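Copied over from TrEMBL:
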- 24-46: transmembrane segment (TRANSMEM)
- 25-443: domain 'Ammonium transporter AmtB-like' (DOMAIN)
- 58-80: transmembrane segment (TRANSMEM)
- 129-148: transmembrane segment (TRANSMEM)
- 160-181: transmembrane segment (TRANSMEM)
- 193-211: transmembrane segment (TRANSMEM)
- 223-243: transmembrane segment (TRANSMEM)
- 249-273: transmembrane segment (TRANSMEM)
- 285-304: transmembrane segment (TRANSMEM)
- 310-331: transmembrane segment (TRANSMEM)
- 343-365: transmembrane segment (TRANSMEM)
- 396-420: transmembrane segment (TRANSMEM)
Amino acid sequence: MAVPQAYVSHLPGVPDWLNKGDNAWQMTASTLVGIQSMPGLVILYASIVRKKWAVNSAFMALYAFAAVLIIWVLVGYRLAFGDRLVPMWGEGAPALSQTYLIGRAKLPATAAHNGRPAVEPFYPMATLVYFHFQFAAITMILLAGSVLGRMNIKAWMAFVPLWLICSYTVGAFSLWGGGFLYQWGAIDYSGGYVIHLSSGISGFTAAYWVGPRLKSDRERFSPNNVLLMMAGAGLLWMGWSGFNGGAPYAANITAPVAVLNTNICAATSLLIWTSLDVVFFGKPSVIGAVQGMVTGLACITPGAGVVPSWAAIVMGILSGSIPWVSMMILHKKSSLFQKVDDTLGVFHTHAVAGLLGGLLTGLLAEPHLCDLVLPIPNTRGAFYGGSGGVQFLKQVVAALFVIGWNIFSTTVICLGIRLFMPLRMPDEMLIIGDDAVHGEEAYALWGDGEKYDPTRHGWNNPSSHGEEMMARSPYINGARGVTINL
């Protein structure tokens, strides 16, 4: 028997303020962002590292996803999006009560002193809590990419909740939740600073304190499954539609613009990065293409919904070239980059690309698009004149705050953990890998059930897995980066 629509619309579970389309899109966007982490980055990490670190790398991502959710609902969400406590932090409290979660979503600290009302999306608070959890989780997993292949797993288990509380929530509240940078008018549409710049800077800082991998691992860190790596990267790319499409908190006209810009910039960046590989190395690299895709996605994120689509192409050209120079040239020339072992080059792919995107947003943010989604009226990039020069200055100051806070907080957390346990695994565990850390191996059997024998199939055997050919790739031999005489 069909239920009359008039009856359905007045059920207790469908209050007058609920917009079903917005709620459905926001839950869909949340799931798309979640797929980026689970299974996207789990697959990518497990595949891009050496075979002996596949389980450990996947587990670090899996653990972070689960741990962040529990800390998020216990205290994290309301530190980042609750009532104002101080200019860069909200009042922490649980986000678990039934009354709180089924009420209309609201970001109370976004209300301005000039009478501008607080942000109130047309769906329940549970939807907003879940959406922003996914952002917090992927930030933590991106950070993990800097310390794969040597961080003590127990130290990582302690690091995750401490960094979420002391670092991530500060950036989120300051730029998104109604903190001082939000009220000032700094633009971070969907996380170029809160997510990418912070994960890249904190990952690099953590890598410094944890220490490097074994010399043999740094010299030859071949992906154990390039095709699965591409599958993980594909999930990351497709999930980004929820990442940037959900940022307006509604299924409005900004969302599709952001999704289109996201894909344009990622595609452009991938093509530019691949072209540079061909010009300087003579052949396109699949790993390089993935790096270019990631830098494009990170670069467009802070401005996806506020820049025109032609600007997304410009941002893609720059995100495919500037981080390429940073990773492939400056990395080898800098003693600091050589000293700090950033396993997956998160500094280059996320910190450099996220910073680049934030600054370009300060130049290219289009006034009409800004008015559709931003809280400060008459916001514009410097390219459009007027107050655009001031906007660019705001972007610089916001970046400096995020960089400084993440270096400070990550350093304090690492030094604090080091008082109770080592940050780095002992060398004897690093030699063995997953079997020593977890008692498990990703690929336990070879051929006809034959147990893996490193003396027969080891990384020094050029006939094994085509490694002699793979070793020629500039992305595999040693720490990322090569010296090119331009």
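Cβ from N, Cα, C; glycine included.
TrEMBL annotations: computationally assigned, not manually curated.
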Beyond the flanks of the transmembrane segment (193-211) by 6 or more, those residues with Cβ under 8 Å of it: 135, 138-140, 142-147, 150-151, 155, 159, 163, 167-168, 171-172, 175-176, 186, 298, 301-302, 339-343, 346-355, 357-358, 398-399, 402-403, 406-407, 409-411, 414-415, 418, 423-424
Maximum Cβ pairs under 8 Å to the transmembrane segment (396-420) - stretch from the list 58-80, 129-148, 160-181, 223-243, 310-331: 160-181
Local confidence of the domain 'Ammonium transporter AmtB-like' (25-443) - pLDDT mean: 96
Sequence-remote partners of the transmembrane segment (160-181) [C-beta within less than 8 Å, at least six residues beyond its ends]: 63-64, 67-68, 71-72, 75-76, 79-82, 84, 87-90, 92, 107-111, 118, 132, 135-136, 139-140, 143, 188, 193-194, 198, 202, 394, 397-398, 401-402, 405-406, 409-410, 412-413, 416-417
Interface present between the transmembrane segment (24-46) and the transmembrane segment (285-304) (three or more C-beta pairs under 8 A): no
